[in-house]
């Protein structure tokens, strides 16, 4: 089986865990634990970091036989290619490329907020900007069932994850966008996803590491 290595948090790895489950991939997880404040000891990971044969040692990593990958989107795309969860047409590919990067942008904006010591002060302004972000996602999805088109692709796993994170921060943020709410329901209704969400393997939170200022436990 494949081995997925990451901190014992949701973090950047939720879409990867979801796609591994959806595709029925045989995998095991190596979840590294971080120590508590003030040191946040990382030795569980650091002791192995340079022993795994990774080109750019980092978390998450995926080891699949001779293939050893880092970078969360590279891992996600690798699994997607094995299972035809990539677009076929140029139009689908363009939409996937745009959305993959757009998701990373709004993910990083949320990460910057949540790891900021000024989280409480910055939160109000951040919340004000959420409707505009969601509106663009809603317009991009339009009447399509999935973000690239009529079939599920790896970017739906990314979009689901980031929309869900924003929903955790601001529970009403999707209320004005019925197509995004329907997308979430459609995704969570996929048989493999639904059963994974009910299993003990499912790790919906903490979103972030112990030194974040929100959703850190």
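Positions of Cβ are set from backbone N, Cα and C atoms, glycine also.
Features reported for this protein in Swiss-Prot:
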- 1-87: domain 'GST N-terminal' (DOMAIN)
- 6, 7, 45, 46, 47, 48, 49, 58, 59, 71, 72: glutathione binding site (BINDING)
- 89-207: domain 'GST C-terminal' (DOMAIN)
- 115: substrate binding site (BINDING)
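Structure with Swiss-Prot features highlighted.
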residue : record                   : contacts (Cβ under 8 Å, 6+ apart)
6       : glutathione binding site : 12, 13, 29, 30, 31, 32, 59, 60, 61
45      : glutathione binding site : 7, 32, 59
47      : glutathione binding site : none
49      : glutathione binding site : 57
72      : glutathione binding site : 12, 13, 15, 16, 60
115     : substrate binding site   : 208, 211, 212, 213
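Residues in the domain 'GST C-terminal' (89-207) partition by DSSP class (helix H, G, I; strand E, B; coil) as 82 helix, 0 strand, 37 coil. Averaged across the domain 'GST N-terminal' (1-87), pLDDT for the predicted model comes to 97. Largest Cα to Cα distance within the recorded glutathione binders 6, 7, 45, 46, 47, 48, 49, 58, 59, 71, 72: about 21 Å as a whole number. Mapped onto three states, the DSSP output places residue 6 (glutathione binding site) in strand. Other Cβ atoms within 10 Å of the Cβ of residue 59 (glutathione binding site), summed over all protein chains shown, number 19. Taking H, G and I as helix, E and B as strand and the rest as coil, DSSP gives the domain 'GST N-terminal' (1-87) the counts 27 helix, 20 strand, 40 coil.
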